[in-house]
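According to TrEMBL, the protein carries these features:
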- 1-22: signal peptide (SIGNAL)
- C32-C47: disulfide bond (DISULFID)
- 59-217: domain 'Cupin type-1' (DOMAIN)
- N108, H113, E118: oxalate binding site (BINDING)
- H111, H113, E118, H162: Mn(2+) binding site (BINDING)
Amino acid sequence: MAASTYFLLVAFLALVTSHAIASDPSPLQDFCVADKDSPVKVNGFVCKDPIAVNADDFFKAAKLDQPRDTTKSKVGSNVTLINVMQLPGLNTLGISLARIDYMPLGQNPPHTHPRATEILTVLEGTLYVGFVTSNQADRSNKLFAKVLNKGDVFVFPQGLIHFQFNPAHDKPAVALAALSSQNPGAITIANAVFGSKPPISDDVLAKAFQVQKGTIDWLQAQFWENNHY
């Protein structure tokens, strides 16, 4: 095999492998409980000594059956996330969970999960939900939206902007979501664009949104809160 062909093959295999491991790593043993006190830095967490592992590493008294306070949120929602930071036993298992409470007319504003697909089911109330596709030539930024009732399920593909809104004026709503990562991450679009530290230049944002710089300055002066607790 010629040297150039060999190096091309190696480069191709490296590319394929990098895509294959772009999501959470698959476990190579029964479990790998996160050792958050270890000084070793890896993609995720190193494993706790299996001999020191006990049932509490896989347990959390999360009280997900109890309503959360939504009154302090400017967007009218409260997201209670159970990921590897709260439950060490999730390390390398590629899954996490969230309870989402919505006050009447409350929403979980447009956001993305850079590392996870989300599947959501409504436990109480009604939700208007949807996601928007990426910038594709044939179907750029298409909205897929649906009104969900109790017991309905909806999927939000990984990395796509999505939202949930409670359209009821007098009733709260509750949903439960599962995400395909031990640490899915969340980027709330408005917070990231208008609440970054330091702020993005208003020249950049005024051009991007086709508005006056004064409008951008006003938006950047608002308090952009995090509804994840």
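Glycine too: its Cβ is placed from the backbone N, Cα and C atoms.
All TrEMBL annotations are machine predictions without curation.
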Statement: Around the recorded Mn(2+) site (H111, H113, E118, H162), other residues with Cβ within 8 Å of the Cβ centre, ordered by sequence, are T112, A116, F131, F156, L160, I161, P184, A186
- prompt: Excluding N108, H113, E118, which residues of the same chain place their Cβ within 8 Å of the centroid of the Cβ atoms of the recorded oxalate site?
  reply: A98, H111, T112, A116, L120, F156, H162, A177, L179, P184, A186
Number of other Cβ atoms within 10 Å of the Cβ of C32 (disulfide bond) across all protein chains: 22
Message: Please report the distance from the Cα of H162 (Mn(2+) binding site) to the Cα of E118 (oxalate binding site), rounded to the nearest angstrom.
response: 10
- request: Provide, as an integer number of angstrom, the distance between the C-alpha atoms of N108 (oxalate binding site) and C32 (disulfide bond).
  value: 32
- prompt: Could you give the Cα-Cα distance between C32 (disulfide bond) and H111 (Mn(2+) binding site), in whole Å?
  reply: 30
- prompt: Counting every protein chain present, what is the number of Cβ atoms, excluding its own, within 10 Å of the Cβ of H162 (Mn(2+) binding site)?
  reply: 22
Message: Can you tell me the CA-to-CA distance separating C47 (disulfide bond) and H113 (oxalate binding site), as a whole number of Å?
response: 25
- request: Have a look at the recorded positions (C47, E118) and report the one with the fewest Cβ neighbours inside 10 Å.
  value: C47
Nonlocal residues around H111 (Mn(2+) binding site), in sequence order (Cβ under 8 Å, 6 or more apart): I161, H162, F163, A186, I187, T188, I189
Task: Just jot down the residues in the same chain as H113 (oxalate binding site), at least 6 apart in sequence, with C-beta under 8 A of its C-beta; none if empty.
output: F156, Q158, G159, L179, S181, P184, G185, A186, I187
Statement: CB neighbours within 10 A of N108 (oxalate binding site), counting all protein chains shown, number 29
